[in-house]
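Per TrEMBL, the features are as follows:
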DOMAIN    694-751  domain 'CBS'
TRANSMEM  88-109  transmembrane segment
TRANSMEM  129-157  transmembrane segment
TRANSMEM  178-200  transmembrane segment
TRANSMEM  212-233  transmembrane segment
TRANSMEM  245-267  transmembrane segment
TRANSMEM  332-355  transmembrane segment
TRANSMEM  381-402  transmembrane segment
TRANSMEM  480-500  transmembrane segment
TRANSMEM  512-533  transmembrane segment
TRANSMEM  545-568  transmembrane segment
TRANSMEM  580-602  transmembrane segment
Amino acid sequence: MSSLFSYRRHVDDGEEEMLMAEDHGPDLIHPQEFRRQCGINRSSLAYYDCEEREQPVPHESLDYLPSHSGVYKKWLQEKTYGKEWDRWLLMGLIGTAVGMLGFLTHQIVDSLIKLKWDLVESYLKDGNFHLVWVCVLGSGLAMVLVSSSLVLFFCPAGSPSGLPEIIGYLNGTSIQHLFSIKTFLGTFVSCMLAVASGLFCGLEGPMIHLGAILGCGLSQLQSDTLGIHLPFFTRFRNSADKRSFITAGAGAGIASVFRAPIGGLLFTLEEVSSFWDIRLAWQTFFCCLTATFTTDLLSSSLHGFVYRGHFGFFEAEKRILFWVKNLLDMHVLAFIPAILLGMLGGLLGALFVSLNIKINKLRMQFFNSIPKPSLSKTSKLLETVLILVCTTTVTVYLPYFFPCTPVMNARNYQLRNSSEIIYQFKREISEYGCSPNTSWIGPDGVRYSNQTFNQAAALLVENGKRGITYLFKRGTHEEFGYTSLCTALAFYFILSCWTAGSAVASGLVIPMLYTGALYGRIIGLILVSIFGVQTNEYGAWIDPGLFAAIGAASFFSGVSRLTISLTVIMVEITNDVQSLLLIMLAVMVAKMVGDFFSASLYSSLLRLKCIPYLDVEPFVHHRRERLELCMLLENEHIFEPETSNESFSFSHPLTYEKITVEKLPKPSRLAVLLNRYTTDPRYQQLFINLEPYINKSAMSVQAHFSLQRTYIIFRTLGLRHLTVVDLQNRVVGVITRKDLMPLPLEERLRLQLSPQSPDAGE
């Protein structure tokens, strides 16, 4: 009997066996064999589902034929959606929704931070730091308790940022509850409260997750939780299109939060998506464009939910996140400290990744050792409270030990409206008991002031985004000293590493930029100490603000190992085209140095969370574990008895729409049926004819085909599984993505190369 259908059963101890239904006629499989594979325990991978399944033939199309092909044109003319206007419409809607969400998130976070520090303004002026600590900690605790409770008890899929899960999903791994409404609401509220509470974290990771959820929800227009199944855009309710919209939504999330549309596009290409083509690139580009435009449009006139006028007027100072106003001419000598910063970024980035993974492993081991789930979740909640207490103590009491420093007059020259500078500094820099300032207009028409500020307060009190703005400023050579910079770097590095992975929805982009900006500013300050403040055009590049931006890019690359997208994002958020080559050099060096010591943070988190991921693999079709087979088992009328003449009826096959479902309608009913099929002797001689449901034109390779070429074929063609045949074209096995993971490959190669291996001579 020849095998035309084979499948793999994975048992708990890791053993695999190939079950073959051999017959020269139609493909049959006994219902009891279905029971064996559908009733397995997933053991440690219960949360992730990475088994591959072949899609039925009706899902295939003629998209790969050339545009001048007559067959292609005829097929395209028969389609009512040949122009794909509905796909572009959905991309625009997703981008608009993500842009509105990004605007809303920033407004709420800024309002909460302002409210928190306005409550203690009088205590700060009086120098009563104990009451400041109590009030700030109290408001922060209220926020972090809600934030952590939402992650732990309302939406477990929202912890901590969702980015590794999105990467794994787009690589072919199905993760439960990743795109549910509960996850959306919980992540949205949790990330805002976590950032506003004072924890050293950012909004970027959760915004990517939220954008992906919007991309999934708006493209499918159905929800089992709400009981909504709208009859619109139904042709997009398949895995391929859904993943494309999720990719676009993730890119729109990063584009909205950074006001960087091209950076959002390249970020999805370089880090998030596993499958890419030019059509998806154009659609993601449009989605990122609409997201950034929506955020900019709303931010142009609304601040703190109050209309400020000038609707539709995009001011550079408002829309560019860390606007660098004074661009500097570069010198070839500037490449030397850029290389140094790249090496430092790679080393510190690898250290950050290693330390964070070790903390997360210890965290998992400790919490998993607690037998009661409720007690384990409570312990996670208490950990976030402990992190907040440490963070609040540092941010409130540490500036007490730093004296007040005069604000450099150079900064006054940089602002267009002198009447706004005092207002802005009073709002942005906590004076921490410094004497009140006075201002006057000099004979040159420039407004001067004797305002003083606390260096440590400026770097630690409010949030990382404003601290980055201070560090990127040009012409402020000596405004921050070594003591404040080194102290802020040490505490921010440790606390942000501890915070990442805790039970709150949070991101790491702002902490990465901030940490790099701190040591970059230190390197710039060292150069200023050596060469002095240079006022001529050939030495103006010796500016701590310039090296702060380069350092931020280097540490970001050292942790994430991003290159192209990171370079573009840095240019978009600073408007500093002059330092493009320096940023590129630092990013490349940081990546090479970091790769020498460890994998990237996201790759390490994928392994830590046991999310199966195949590097450089294109798009993989997948939803849940063997749902088509389960749907076939639920329809007893298609069972057929075995006959001697091997003739089987083809009447009443199930439709494609009926067997391709996102989840089982009644899982309990299937369990009852499977138990009946196993125990009732009437089903012992019944079979299912699989011929109407299988793909008869699947890819195949010979049994002795090259392993390297097999891997290339599997990932470049985006296959879900690859059939292995012998010289007589009979099936001898099936290769799935699990077989091409590094550990199984290494194990098989070790056995083949072992002298004692019975297969060594084959």
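Using N, Cα and C of the backbone, Cβ positions are placed for all residues, glycine too.
Proximity of the transmembrane segment (129-157) to the transmembrane segment (88-109) is not established, fewer than 3 Cβ-Cβ distances being under 8 Å for residue pairs spaced 6 or more apart. Through the fold, the transmembrane segment (88-109) approaches residues 188, 191-192, 195-196, 203, 207, 210-211, 214-215, 218-219, 233, 236, 245, 248-249, 252-253, 255-257, 283-284, 286-295, 297-299, 302-305 of its own chain, all at least 6 residues removed from its boundaries and within a Cβ separation under 8 Å.
Each residue in the domain 'CBS' (694-751) has a pLDDT score, and their mean in this model is 79.
Counted over residue pairs 6 or more apart, the CB atoms of the transmembrane segment (480-500) and the transmembrane segment (212-233) come under 8 Å in fewer than three pairs, which marks the two as apart. Below 8 angstroms of C-beta separation, residues 337, 340-341, 344-345, 348, 352, 459, 464, 467-468, 471-472, 477-478, 480-482, 485-486, 488-489, 492-493, 496, 539, 542-556, 559-560 of the same chain, each at least six residues beyond the ends of the transmembrane segment (512-533), sit close to that stretch. When Cβ-Cβ distances below 8 Å are used as the criterion, the transmembrane segment (381-402) is approached by residues 129, 132-133, 136-137, 140-141, 144-145, 147-149, 152, 197-200, 363, 430, 432, 454-457, 460-461, 483-484, 487, 491, 495, 498-499, 502-504 of the same chain, each at least six residues removed from its ends.
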